Each structure stands twice: as structure tokens, then as C-alpha cells.
Amino acid sequence: MPNTLSLTLSAILARRDWENPGVTQWNRLEAHAPLHSWRLEQPALDDAASASRRSLNGVWRFNYFPAPEQIPEAWVTEDCADAVPMPVPSNWQMQGFDTPIYTNVTYPIPVNPPFVPQENPTGCYSLTFDVDDAWLQSGQTRIIFDGVNSAFHLWCNGRWMGYSQDSRLPAEFNLSTVLRPGENRLAVMVLRWCDGSYLEDQDMWRMSGIFRDVTLLHKPETQIADYRVVTDLNAELDRAVLKADVALAGAGFADCEVVFTLWRKGEKCASVSRRPGSAVVDERGSWDERLTVAIPIDRPALWSAETPELYRLTMALLGPQGEVLEVEACDVGFRRVDISNGLLKLNGKPLLIRGVNRLEHHPENGQVMDEATMRRDIEIMKQHNFNAVRCSHYPNHPLWYRLCDRYGLYVVDEANIETHGMVPMSRLADDPRWLPAMSERVTRMVQRDRNHPSIIIWSLGNESGHGANHDALYRWLKTTDPTRPVQYEGGGANTAATDIVCPMYARVDWDQPFPAVPKWSIKKWIGMPDETRPLILCEYAHAMGNSFGGFAKYWQAFRSHPRLQGGFVWDWVDQALTKKDEKGNAFWAYGGDFGDTPNDRQFCLNGLVFPDRTPHPALYEAQRAQQFFTFTLVSTSPLMIEVQSGYLFRPTDNEVLSWTVARDGKVLASGEVTLAIAPEGVQRLEIALPELKAGPGEIWLNVEVRQPRATPWSPAGHRCAWEQWPLPAPLFIAPPASTGEPPVLTQNDRILEVTHRQQRWQFDRASGYLTQWWRNGVETLLSPVTDNVSRAPLDNDIGVSEATRIDPNAWVERWKAAGMYDLTSRMLHCEAEQHAREVVVTTLNVLEHRGRALFLSRKIWRLDEQGVLHGDIQVDIASDIPKPARIGLSVHLAETPEKVDWLGLGPHENYPDRKLAAQQGRWTLPLADMHTPYIFPTENGLRCDTRKLVLGAHQLNGAFHFSVGRYSQQQLRETTHHHLLREEPGGWLNLDAFHMGVGGDDSWSPSVSPEFILQTRQLRYTFSWQQNP
């Protein structure tokens, strides 16, 4: 250890600890469970704020330097004259200094471990503060930095105190010897890059600074240094033993004792006391400073994500005279996690992981997470039927785990290790020089977090290949904590360093035989020889932009194959940052918007929620697929359904099933039943229906489960599950349409014109298109009605293609190469016939690119005596071109309807491979709500399986998908950010007979399942269109 008295700033800079993988800290205290040092038991029991902890969050003084060598030597003892205020916690890039960098795989610095660039942005923080005189008289005062990116040196009152790296775990230092009465000064030199940055190559914004809490903690001379709590349940789960281990420190602990008291809901359950000294450990004896208790508990209330039953354990350290020296406390959850018979189990029952990956991200605050945002994340997750979260890819803020304990979420706690940009990826994992750094990131995480019942799995990190260092750390984990399984995806997801087969983006039925690390279909994987472990996808369903297609297919597999135990969606929140344009207007920015290089553009936008936590439509698909109730239509006569509960541990004590029978959205009958279902139980319900009268339209039975009472995570009336089925309808014979005045055809060399009362249609002979429709003398079209075979590319269509790199296999590149974004229409035939009751216009167009025919579109337009336009359209597709994104029509309407009314799937956006959550019904929304404001503009807003659409005066009937909004497909295709879109007059209507799925198994390879790709080379569709007075 260096001599602290001789360490000048220049000496520290010369030593360059931040480029030495063998140096991860100087003087940093050992990791331990979070400590509060209450001095009375009651506040510890109540989890009240401890007077022994003092937050140093607030406004510090700050200077930014492009490199540490530019820091003046005097800064250690006094602020620079040009120091500015800096909020702590914060990332300095969010405060106007330096540049945030978004990159996924590529390191943001040249890869030359352990060395980092000489230009190493450095933030110099300082704070003056006073200390309570009583703290100076006795005991120990520490400072705790919960998170500093990426490394820092610390001074107090001009004295160098130490060094630390690892951005996501606490760094704690003893300041007792240097604190003084009156004013004290902290100085913290934070480096943007260090050798540890090579272990922190996560897919996220790369930012710097003191971004988590800073706290002073005062401990008595004799103190509780650490504690560990383990619950041991018998096979019947009706008896438990609470095992608690405490380590003491300081002078005189041999004469002390610790009183352990277990509480539940304020009532004392048990209390025992112990003096220091462990049982004999080996031939050299026992631990003098440690003590262990085992407290038997009969019929414990068990913890699970469904029933987060918590006890409170207080540990009071008593002095020789029985005086309370300090108290530590923690929440305790009695649960057992194990893997048996190839299944991950909690309390003896196989789990189904409804999980999501979550990075700590806030659009204004960067990587600073406040309690309100954490709570909001958990509440939204649970409202949408998530029961698990993976801390991707680093240990989270300490409060996160306490909230997961209390709300009820299963947690994968993941070490801050990712070397994705290394070639090979396992380069550092197989290098013994990097074992100490990797080891600290695993062992310190466990020492901090092991008492949380919500943590059911440890993870060795992410995307770092597989090497000997991983094997060593796996063995350490299994020895240190045999109560939890370990997972690690690197090296193929099924190495000896994982208890769970945990692939990312493996598909349901399709093998991906990559060299060295094949990804088999998940169904195949669990049946491979000698593979007996459960399979839980550590990442799947890449929710980038308008994506998430095929999610229901995964859940069909999970529910059908017991050893397919779910997975973690990638990911929770769009990682966009708030930025202001040249006019001062805020918008959400992604990679490259700050001039950052390298960058991966919008690949940071993979969330189920927008940065402000507004849901993406995909979130509803997740909610529906993961719902805890499944429904079966047993019979229609009598009408009987079966409801099965997917809850493993709780009965339905707050659930009501409501049902309606509706014809074309109009409710014919309804009812409500209180559910009384045991865990994993079934309830059969017979629904008494009145006689249904014959009438036009489809009849649907809709059921939904709501929770009438509010819960800690949801409001009263929260809808948690739903289903619907079509019912047989009484035979209905539609009356013949009334006759009216027939339309009249007039024509010349340029146009065909049809007139009916106050309406007039005009077809252009040169193009063959319907170019105008007058109603009451007013033009209602701003563009012709044209064929539409392309869409503004989705992220999944683009894949990895960008300006400097082209993936010829990406859908968008195939469409571009075929000319589908640059088609011209050539009229081959256009004629009209006057009939007694109608006018028929027949057109034939070829859609071609540079003289090559891609599509042939034949349209038969019938205008009847009711003034209704009937379309009968057949499209033939060339055999040697890529499958199209859509087949349909597009038109720019002059009217801007205030609302949209439709009979079909809704109410939210849905696509052919992402429509499980949508329901058949009649829906009405404002026009603005028909648009989904994806940050990177794409095709959006589709509603599938529509039978009737009303847009102001326009009414369309048939069987089609549609989208309507203020932006053309061309504008969506050419615009890079949502805030740059400009509303166009009127409204754009896209009417689709076919629309390709959006895909979503991943976003870098074609992932639309074949059943959602047009397999035929000819498609015919019909519809009717009228304008109401």
C-alpha cells in the first residue's frame, strides 16, 4: 500500500493506477451488507432514517479537465477559481460537460487493455461540510460512494484517502483520522476511463461522474461489521430455521452480545442472544469476532413475488452493561430456491419467469435513478404481469432490491462484467491478470446483496465469452452461497459455469448453428442428450421500435414445455436522452445526436416503455401473453367457460370476472362473478344468456379479470387478464338494399367521371387512378388512390444496415434492391361501362422499376345506386422479387377527422404477428392517438382485422387492416427523429389487404415468421367505401 503522506497529486498521476488491472482499490473498506447503525431498536424496526447516516447529496463544486495531467496541484486543498456548481448525484455529461457516447459492442476507446487514452476526461469534485462533534469524539466515520463512473481518487482535508473502481458497487473509506472540528473538505478526482472500463462494455450510454448517493456513516468503536441472513425450510415448508451470522469489529467486542429479534407486522416472533465466538472451524480454531444463531420458526409466512411476505430482523449489539451500542436490521423473506428434476423452483413449485431486462436510465438524469422512478418501474412491471427483472448488466442502486423485496419481483443480480467488444470476447476471462478485478465485481456484489429474498439467481455478467476466470467465480459462488443458482450466458449459454441454460435470442423452432456457440431452438435445446437443466432466456423478444412480433409464440412454448421456464424481454425502457434543438425545444436523442463517435444510432431504443415510462403497444402484448389466468371455452350451449389460475402461491382473493356478449361492439348481455380459485386451481362458470335475436354482425363473448381493490402496485379496478371468443349467431338474412337513382358516367379523352346526386368521382385515364371525389362540391381527396406495397422501414426491417454498412439480407435492402421504394405506375388499361344500376370502371396498372415489372394491379370499381364505391382488387406479384411489406392502397384525405371509429382489433396499435392483446370490438379514438410516436419514425399505427371504419364522412366496410394519421409513409421513411415530423393537412389512410409481420425475435436478422410473410403470388381483396352526408 502506498505511503499516504508522500502521495502528491503528481505522484498519483505518475503511478496511473487506472491502467493497472492489479490495482482496483487503495484503502477501500471490505464489502458488506448495507449498514445503518441505528442506536435504538425501534427506528431500526421501523426502517426509519438513521441519525448515524448523513447524506452528502447536493451541490458540489466542479471542474472539468480534458486529461488528469491538466489538474493543478493546488486543487487537492483548494477549489479552482473557475469551479462551478455540480449536482451530486449526476452524470457530468448531462450537465453540459463532455459528450455522452452510445455504443453497443464497440468500445468507446481504442482497445489496448489495460491502457486508456491520454486524453482521459476528468471531473474534479469538491465539497465542504461540518461533522457533528460527537462523531469526532469517538467511533468511526466513513464515507460511502454508491456509484462513481469509472474510477476515482479521494482526498479529505488535503490527505489522500484512497482509490476505487467498479462503477456500480459502493466504495467506502474511513475518514476518522483526518476529520476535524468545523469545516472539512472532500476532493474527488473522477476519471472517465480506466482499465476497468474494459470490463464495462455494456450496451448503454457511456457517462461519467458521481451518479449515485454519497453518504457519511458513523459507527461506534465496537460495531457490527457485517451480517448474513439465510432461511432454511423443511420439505413440507411448514417449519423454518432463520440462520444469522454477524461479524463484529473494534475493541472490546468479546464482552458484548448481540440480541436477534424477529418481527412480523410489528409483533415479536422470536428473540435470542449470542456472545461472539463461532464454532471451531478447523485445526486452528474458531472465529473470535463472529457469531451465529439459528432461530426456529413454525408455519412461516413464505415470500414470493406473488405474496411478498416480509419479516424484520433486528440485531442489537449490547455492551458489557447491557447498553445498546448499535442496531442493524433487514427485511427477511422465508423462501427456498432450488433446481430439481430440471426445474427452477421456489418453495417447491416450478417458476414461470415473466421477466424483463432493465437498465438504470432516466431521460433527463442519465444513469441517476430516483426512488419515484424505481417505484414507477416496478408498478408498471407488475401491472403488466411481469414477475421478474434482470439487473442488466450490473448491480443496481441498493434501494432497488429493497423495493423488489417489498413489492414482489424475482431478481437476477448481475455482476458488472461485460467485454463484448473484445476479440475474442473471452480474451480477459482467460487472462489470470484480470481475475482479481473480475473476482471483486462478483464477490463484492454478493457481499452487498445476499440478504435480499428477491434475488433468486446470481449472474456472472454478460457477453464476456467463457474463460477460466468464470469457472473459478462460479465455484466460489456455489461454495459461498449454495442457496441460489448461478446463470451465465457467455460461451454458448450452456457451459459448466451456469446452472440454467440461459441463451439470448434463441428462437422457438429455428436453429441458429453459429460456429462455437450455436443457438438451438429452445424446444430442441431442452431435449438434447445429457441436458437436464432448465432453460430461461436471459434475453429475448428484442423490443426495438415497432417490434415484438411473435411474442405469443414463445409463450405458447413456455406453457407447453415445463422446462422452458420463461425469459427476460430486452428491454424495459428506451434509452433516449433529452436534448434541446437549436430553438430550445426538448426532444429525445439517440446515438450520434451528441456528435458521439463511435455510436450505434437508435439501437438504444429497445424499450417496452418510452423514456418517460409511457407504454409502447408491445407492453400490452406482454401483459396479455404473460397473464396469470388462462381461459377455456368449454361449450357454447350451455355457455360455459373454465378459468385456470397461474398463481402458484396465492388464491384469488381480489379478483372479479366480468363478461359481456356483444354484437359488433354493442353489448347484448353482461355479468360479473367473484373468483374463488386456489393457487393453480380451476373454476368453471356457466353463463346464463338471454335468447339472442337475429341481426347483422358477429357476436363475441368477452371476459376479463379485474382487481376491485387497490394493491401496493395497482389502482382499484386494475385489469389483469382477458380473453374473447366468437359465438354462434342466429341466422340473419339481410333485407335487399333499397333502390335509388343510378350513377351517371361521362367521359372524354382525359378523364372518366361518375356522378351520383351530390357526389362526383373522377378517374384519370392516363394513370388509371381514382384522382378525385367531390361531395357537395368539395374535393375530399388530396391525392389519388394508389397502390401501396411498401412501408416506412421498421428497425427490424433495417437490421444492421446503415450508411456505412449494408446488410444485403435485411428486408429494407432487399426491397430497395428490387426497387420497391422507387416504383412507377404505368396504366395498361382503363375503361368504364354504364349499366342500368351501376357504373363499372376497370383499370390495369403495372408497377415497375426501371422498366422491370414487379406488380400487376387490376382494379374493378363499382359505383352503385346508393352512392357506394365498391373496390375489387387483384394484385399479381413477380416471382423473382422479395416478399412485399404490404399489399393495399394509400390515399391522402382532405378531411382531418377529429376521431376514428372502427370495428375490428383494438384499441391499441396491432400487427398480424402482434395482436394477441388486441380485442375485437368497436373502438373510438382521437386521430392523434392512432399514431404511435416511436422516437425513430417508422411505419406505425396499424389496426388489424377491421370490418368497418369511419373517418369523419368516410365509411369503409370489408375485411382489411388500416392505419390513419397526419404523416405520409414517405415522411416517416425520410425523417430521423419524431420531433422532426411535420403534420400534413388532412389525413393519410393506408388500407391493407396484407401486411407483413413486424418480427422481433431479434432486430439484426430477418425475424418475421413465415406465416406472417405473404406466401402467395396473387392476392385479391374487396371493400366498399362511401361518404355519409
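Even glycines carry a Cβ here, placed using N, Cα and C.
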Swiss-Prot has Glu418, His420 binding Mg(2+) 1. Which one of Glu379, Glu440, Glu463 is in the same site?
Glu463
Among Asn91, Asn104, Asn347, which residue does Swiss-Prot annotate as binding substrate at the site that also has Asp203, Glu463, Glu539, Tyr540, Ala541, His542, Asn606, Trp1004?
Asn104
Setting Glu418, His420, Glu463 aside, what same-chain residues sit with their Cβ within 8 Å of the center of the Cβ atoms that define the Mg(2+) 1 site, listed in sequence order?
Val105, Asp201, Gln202, Asp203, His393, Thr419, Gly421, Met425, Gly461, Asn462, Ser464, Gly490
For the recorded Na(+) site formed by Asp203, Phe603, Asn606, which further same-chain residues have Cβ atoms within 8 Å of the site's Cβ center?
Asn104, Met544, Trp570, Asp571, Gln575, Asp600, Cys604, Leu605
List the residues of the same chain that sit at least 6 positions away from Glu463 (substrate binding site) in sequence and have their Cβ under 8 Å from its Cβ, in sequence order, or write 'none'.
Asp201, His393, Glu418, Thr419, His420, Met425, Glu489, Gly490
DSSP three-state assignment (helix, strand or coil) for Glu539 (active site, nucleophile):
strand
Cβ distance under 8 Å to Glu539 (active site, nucleophile), same chain, sequence separation 6 or more: which residues?
Asn357, Ser392, Glu489, Met504, Tyr505, Gly567, Phe568, Val569, Trp570, Asp571
Relative to the Cα of Tyr540 (substrate binding site), which of the binding-site residues Asp203, Asn599, Phe603, Asn606 has the closest Cα?
Asn606
Using the alpha carbons only, what distance in Å do you get between Asp203 (Na(+) binding site) and Asn104 (substrate binding site) once rounded?
4
For the binding-site residues Asn104, Asn599, Asn606, which one has the sparsest Cβ surroundings, going by other Cβ atoms within 10 Å?
Asn104
